[in-house]
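If you look up Swiss-Prot, you'll see D8 marked as active site, nucleophile, on the strength of sequence analysis. Annotated Mg(2+) binding site per Swiss-Prot: D8, D10, D212, in sequence order, evidence recorded as sequence analysis.
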Amino acid sequence: MYRLAAFDMDGTLLMRDHKIGSITLNALHQLADAGVTLTFATGRHYLDMKGILSHSGLNGYLITGNGTRVCDAEGNPLYGMDLPAELVEFVLRTPWQTNASIHLFRDDGWFTDRNDPDLLIAHTTSGFHFQLTEWDELPLTGNHKFCFIASHQELVELKAQLEQQMGGEADFCFSATDCLEVLPRGCNKGVALEKLSHHLDLTLADCMAFGDAMNDKEMLSRVGRGLVMGNALPQLKQELPQLQIIGRCEQQGVAHYLHHWLSSPHLTYSPEF
């Protein structure tokens, strides 16, 4: 039986109203009651996640910022990685050929120089919001990650620019089709979950994980059982063909899977099909 379950949030647990569905909440509480450690692994900020979980009655370990931070259930930091100061300065001062908005995440919040209220819709449950700033007002140290937000095609073109200019100094991933992230080199949910597992005297083989986007790839591929959402990005399904595909997020596919798994933990096939 797996001893830890790690869940992505957007596209995996969160419904279109950006809340966890009632059936899924029930399944997660049952999982915790069965002695499985809950872990929420997300690109969202720690402050955002605490707001979401406070409305759900759930508690668990947090992997936030796509692996840049790991905290215990009380919010105590266990692990963290930041972007190098010189890379932050380079990204902020380079005139990239793009219309994408740029967002920088630090322990004290989410910062941007562009006011786009539509971006706050996904954070209505938690009340988390961006802080408008001039880039030269922020320290170059203590920065977790960058996010660029635009159409997918524009971000594909921007990613090519970033990779050409920065080479192997950072990692890049699409956490959604319209969100390109720049992360510290070697930082991802899989590495963060490995650090957490070691802290808990577990191995990745003791873990199951659920996800839908490319920022879930390393986590899903390294755990004892990785489950891909039915609504996952096509690229994720293509790159992890060996993993089971379960139901869609809007159908609360995680709950459906967990209800079957809790009654038959040694099930070797996905009950979705």
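Heads up, the Cβ atoms here are built off N, Cα and C, so glycines get one too.
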Other Cβ atoms within 10 Å is the metric here; tell me which of the recorded positions D8, D10, D212 scores highest.
D8
Look up D212 (Mg(2+) binding site) in the DSSP assignment and report helix, strand or coil.
coil
According to DSSP, does the residue listed as 'active site, nucleophile' fall in a helix, a strand, or coil?
coil
How many Å separate the Cα atoms of D212 (Mg(2+) binding site) and the residue listed as 'active site, nucleophile'?
8
